[in-house]
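Participant: Once you've had a glance at the structure underneath, I'll fire off some questions.
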Amino acid sequence: MVKAVAVLTGSEGVQGTVFFAQEGEGPTTITGSLSGLKPGLHGFHVHALGDTTNGCMSTGPHFNPAGKEHGAPEDGNRHAGDLGNVTVGEDGTVNFTVTDSQIPLTGLNSVVGRAVVVHADSDDLGKGGHELSKTTGNAGGRLACGVIGLQA
C-alpha cells in the first residue's frame, strides 16, 4: 500500500489534512478533514503543481494529463484532478472520504508532488454554463492548499 498526505493551510483560518491511500493498481482512497470554511459546497481538486511559493495561486490548473474538459468525478470527460465538492456543515468543518481511479500515487500520472486545493465556492461540475465551467467548474478562489507528499 502506498500512502500520502497533504496538510492544507490558507487564508482566513482555513486548514485541514488530507490522506491518500492506494493498494496496487487499484483506486486511490482520499480521506480528510477541513475546518474554517463557510457552510455549503466547496470545490475540491488536485492541481498540477506542488508549487506554493505564491500561496495557492502557484499550484497551476487542475491536474489534467489527458487534456480533457472540467467535469464531475463520475464523468468520462473530466480532469483527473476533478474531485467534485465537499459539503461543509454549519460549524465550518467537514470530514470526507472519496475514492477515485484517476489520481494514482505511483507511475507516470502520480499526484505525489502536486497540490490539493479547496475552493471558496461550489464546483458546478462543468455544467453551469459559465465561461469558467469547462476549465475550473467556476469554483471561485483558492482558500487553502497543500502539497501531496509520500507518507510512511
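Heads up, residue numbers simply count up from 1 along the chain you see.
Glycine is no exception: its Cβ is also placed from the backbone N, Cα and C atoms.
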Participant: Among HIS62, HIS130, which residue does Swiss-Prot annotate as binding Cu cation at the site that also has HIS45, HIS47, HIS119?
Facilitator: HIS62
Participant: Please tell me which one of the recorded positions listed here (CYS56, HIS70, ASP82) sits closest to HIS45 (Cu cation binding site), measuring Cα to Cα?
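Facilitator: Given the candidates CYS56, HIS70, ASP82, the nearest one is ASP82.
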Participant: Does CYS56 (disulfide bond) have same-chain partners at least 6 apart in sequence with Cβ under 8 Å from its own Cβ, and which are they?
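Facilitator: Looking at Cβ-Cβ distances below 8 Å from CYS56 (disulfide bond), excluding near sequence neighbours, one finds GLY10, ALA115, VAL117, ARG142, LEU143, ALA144, CYS145.
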Participant: Kindly assign HIS79 (Zn(2+) binding site) to one of the three DSSP-derived states: helix, strand or coil.
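Facilitator: HIS79 (Zn(2+) binding site) sits in coil per DSSP, no helix or strand.
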